[in-house]
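If you check TrEMBL, you get these features:
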| type | residues | note |
| --- | --- | --- |
| DOMAIN | 149-560 | domain 'Amidase' |
| DOMAIN | 593-638 | domain 'Clr5' |
| REGION | 703-754 | region 'Disordered' |
| COMPBIAS | 718-735 | compositional bias 'Acidic residues' |
| REGION | 782-804 | region 'Disordered' |
| DOMAIN | 808-890 | domain 'Tri-helical' |
| DOMAIN | 900-986 | domain 'Tri-helical' |
| REGION | 985-1040 | region 'Disordered' |
| COMPBIAS | 985-995 | compositional bias 'Basic and acidic residues' |
| COMPBIAS | 1000-1015 | compositional bias 'Polar residues' |
| COMPBIAS | 1030-1040 | compositional bias 'Polar residues' |
| DOMAIN | 1082-1176 | domain 'DUF7767' |
Amino acid sequence: MAPPRRFANYPGPKEAPTETFVYKPDDGQNPVLRGWPLVIVSALVCKSTYLQKLLWENAGFGKPKAIPGLDKELRRFDPAVIPLADGTSQSSELEVSPELFQRQPEDVAGRFYSAADYHALYKAGELTPLQVAEALLPLIRRDLETPSKYANAWLQTNVDEVLSAARASTARWATGKPLGLLDGVPFGVKDDIDVKGFVTTAGRKVDKSHPVFNSPADRTEWPVQKLEEAGAIMMGKMNMHEPSTGTATNWYNKSYYPGGSSSGAGSALGGGIVPLAIGTDAGGSIRIPTSFNGVYGLKVTFNRTGTRNSTMCVVGPMSATVDDLTVAYRLMAQPNPEDPVQSLFAPSLLPDPSAKKYIGVHREWLNRSSPDVLETVQKAIDYLCSQRGYETVDIQLPYLEEGQLAHVATCLTEGADDAKTWSTGGASSTKNGMSLLNSPNRMVLAIGSHSHATDYLKYAQLRQVVMRHMAALFERHPGLMMVTPTAPLAGWPVHPGDQAYGVSDGNTSVLNMTYCWFANTTGLPAVTCPAGYVAAAQGEGSLPVGIMAVGEWGAEEQLLGFAREAEAYLGQAYPGGRLRPAEWADVVGLAKEKQICHRLYVEEKKSLDEIAEYLRLHHNFTPSKRALLSHFRKWEFPSKQNPAYKNAALVDRIRELWEQNVVQKEMLRMLQDEGFEVSMRELSRVRTKNRWLLREPTEARKRKIMPGRRQSTVDRTESDEEDADSDASDEDDGAGDGAGAGIVGAAEDELDPVQLERREQRRRELAIESAEKWAAKKRRRRTRDWAGLPADPPGPPRFPSETTLEESKAILELDAERYRYFRERFQKICEDAGVIKKTLAGPEKWEAAKEQLVREMAHLRSLLWDKEGLESKRLAIDVICCDVTKRMRTAGKQMTLAAAKNMLGMNPEEARETRFAFYRILAADKFAGKLESGEERWNELKQKWLDESALLQRILASQDEEPSRADRTRAIDMLARDVRKRYKDDITKGREKKLPPATDTGTGQSVGTPSSDQSPGARRRAGVMPGQPDLSSIDPNLGSSMLMAPDGQAGYAVGQQFVPQYPPAQASQVYHPAGPPTGPTTRFAIYFRLHPTSTVVAVPPMWISMLGSRSVEELRSAAVAKFPGAVCLAVEGLVKDGKGGEVPLQIRGDAELEAYLDHVQSMQGGAPSFSVHLVRGWNTS
């Protein structure tokens, strides 16, 4: 029976024999390689035809040749089946219908922007295409000094062409003559599709020595051309899954790959950067990335959008919504008069609303999926059958295992030929083509090149069998759509070392294509849609699960109808609805922010404070002034600042006055009298920038003050202004009074002989110790006076650590922005790789982390390209990297004044009164310093302070377990050291402290503050002022990094750091802390360490606990015991790798815990150590 519509090349319907339906998949025996082993094995395989043939046979590519009876089938070398026009009214081109202009409701869960949103905003005049393009360019450009986190999805962008297209679209909208729905809508193109003016790299690392990288395409492929003719703005070429160009980010969970090879398109769509993209699909390259990134993709009928030099590959649309997928498909599927094959296609027919709708399910094949994926897809199928009128029919498919092997072998064979001829314009050259690939791709294509002609012929016969069987199914069930998961796994986790050299894991690659290959081999169209989300085994964020439908040749419109119903299921029936990634980019919000800020800052010349207040009142968020300035620079707003240091005449005059030793206040008056427009702050900045500090030493100025007389207010003000630029000091560590290990203190004429002798003795001891360390090269060169000792003589560095951070920054030419990005990026790399110290990580891991940093910083790459001074540059990088890891280790270990007050539960008034009380005690005693007065006297004064303060006595007497008594004592010591430091500063600079009248801090109680007789823990829990804003109500999707915490928090919030408070755990939480174990147990000590992704704060980040049984429930309970209401999401056991590093092992059940503890005991490695991922509890009410 002929099909109801006319086709060219339609296969004759014939069901395959029953014995071919048996499906017993092989999990694969291909070796998994990564890192240096991959590089070495790849090099060996590419040079050895024996190894290539051995691995080809190991992969099973020869199995189809052994199928009995295959010789009788005709060979079908490509799956081209062309629906032809039949003279009906639906044979004309399908238009962009009015319903595609409708925007989704604003309250739809997980709403992504669509072309209809941009169209409506442009039409209303709320945005222009130029504003959107200008907002997007900083997000996608890789050529910027510090690319944005979204830029790894893109490879090439022509800024001038983008802005030109955006201006033309803006002009059309201004005149009321837009080209249609897509006019001004941004989109991206995968980098294996030709676009005029761009070099088509296919994700390869650019090598200018190859002519192809200097030869941009001279034409634009038809699908891209049709979107551009509709007014859409092509933002740039998009990344493919190649380590040479970096791996794009899966924004749902950064610990998972975005899927390939249209990885950049999937990442950009999932991250909200663009609503549309164009990709290619030879084995799931459109469908797998869209599935992994929670968006929509359409693999069209073979040759529907254009002919390519492949028997598998097609070009198709990818989008964030089904409506956009429909619009893009209808445009790019229009007949191309220059393509003799594609122009034969009749438009896809709209589905008949009265026709039966069949879902075909091959049960054994479906069960190949993981349980969570299978459950998610089955729920979607159940909904479609119960609510949308679909009927499920069981079907059988032939040669599923052999067919997939034939598909993979065909793709590799064609890929190998393409790689060899790609860079030479068609002349086969292994050296020129294959050498441009990375190690894993070079190896697999070398293996694929060993397919013989006889194998290729058998693959063609096998294709004919499968296509004829599908024709028989479509004949039996008209309108049948075969439904499966898009991929059997929800995602592919990233291995820590894969970024450096890639990974070769053929088993997982083939497994991920379990369902996708079928549509490529048969030429059938297929659509994938997000059907739900499942929990991830690592990282943060759930993983999307895709559902895929495969239809008859030419049935794209029917599949789009299916996708629309699947979209309704996700938005209306799926619990919680559609999800957006946590770092989804609100492009429209960003473009609006830029528009608003430009009007306020440039046009209306508002101040930064006024802009921040406007945004707070009208947009519910308050950015900091630094964030505003950062964005204004990124948006290239004209600066309203005229920095004084750029005024050469002013700088010269300041230097003259400085050389005359004119004090700053008088200097400012003179400069303003002479006509210079300069403020005190600008004057201070010029002097600080040029290191023009006091010309006369501070001690000399002090000696001019008459003995026994305090400095006058005027003199004191001038002196303070002179010292303002150099008055910063580090937190006292308890070793002495500020800098100089306690030597600098009271003036010598105020010390008695005993105190003077102690000072001189300490100075002599330091001089001896300093000389010994200098001789033994155990200290760095001092460039200035220290503790009364002179600076060391200048000279070259005697060992690497003498290169300072400032010198390193100068060697690497790092300005403030680059230096900040350097540190932030390397810290993130170290956190991801588990590196906390160079010596612990080992040389290989440390160098790999630095290499990754260099790859991600264009500035460092260009700097290291110049071989001059290469060693000093590498040393400078190492110095800064070591400092980053040092800060990572010490962060949170040193207690700050704010943390001490918070730990003690003091409000600001109580803290001031308590500290003033100690200040009075020191002043009455005329305390000269710990060194001069002695440690014993210091402890006596401190004890006197404790005895006289009822508040401190109650804090110390509290029976609360948190904070511990030791922590409370440490916090009180911190207060005491701060008072001593301030007292010393006042004595040194001659300041008179205005003390408030003494009050009893133990009995008073402020309004709105916790009672002073409460324990520190209770006081901290009660310490919330009425009317304090609820930060949890701030919309997290307001759109940009400008979103900061509101600064309208007065009173109790000023100057304090709050330890996060955790609400009690709810019964509905995913993980329930276990109760204490019952019965006698042998308890043993364990270490806990916070995972870097934890949202719980712990000081210190490692602690000891006791475990009474080998139970994961008790282990989780022990992990959260210190943090009421917190939840333990994951536990990892830490095992030493023998190279100074650690290997984390996921522990999910008692058996895994038992095995880990037995291993630790057998290795005699001390107490077990666990890394725990703790997050704050949540309420479900």
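The backbone N, Cα and C atoms fix where each Cβ goes, glycine too.
In the predicted structure, the domain 'Clr5' (593-638) carries a mean pLDDT of 81. With Cβ pairs under 8 Å as the measure, the domain 'DUF7767' (1082-1176) is packed most heavily against 808-890, out of 149-560, 808-890, 900-986. Secondary structure of the domain 'Tri-helical' (808-890) per DSSP (helix as H, G, I; strand as E, B; remaining residues coil): 69 helix, 0 strand, 14 coil. Residues of the domain 'DUF7767' (1082-1176) grouped by DSSP class, helix first, strand second and coil last, total 23 helix, 35 strand, 37 coil.
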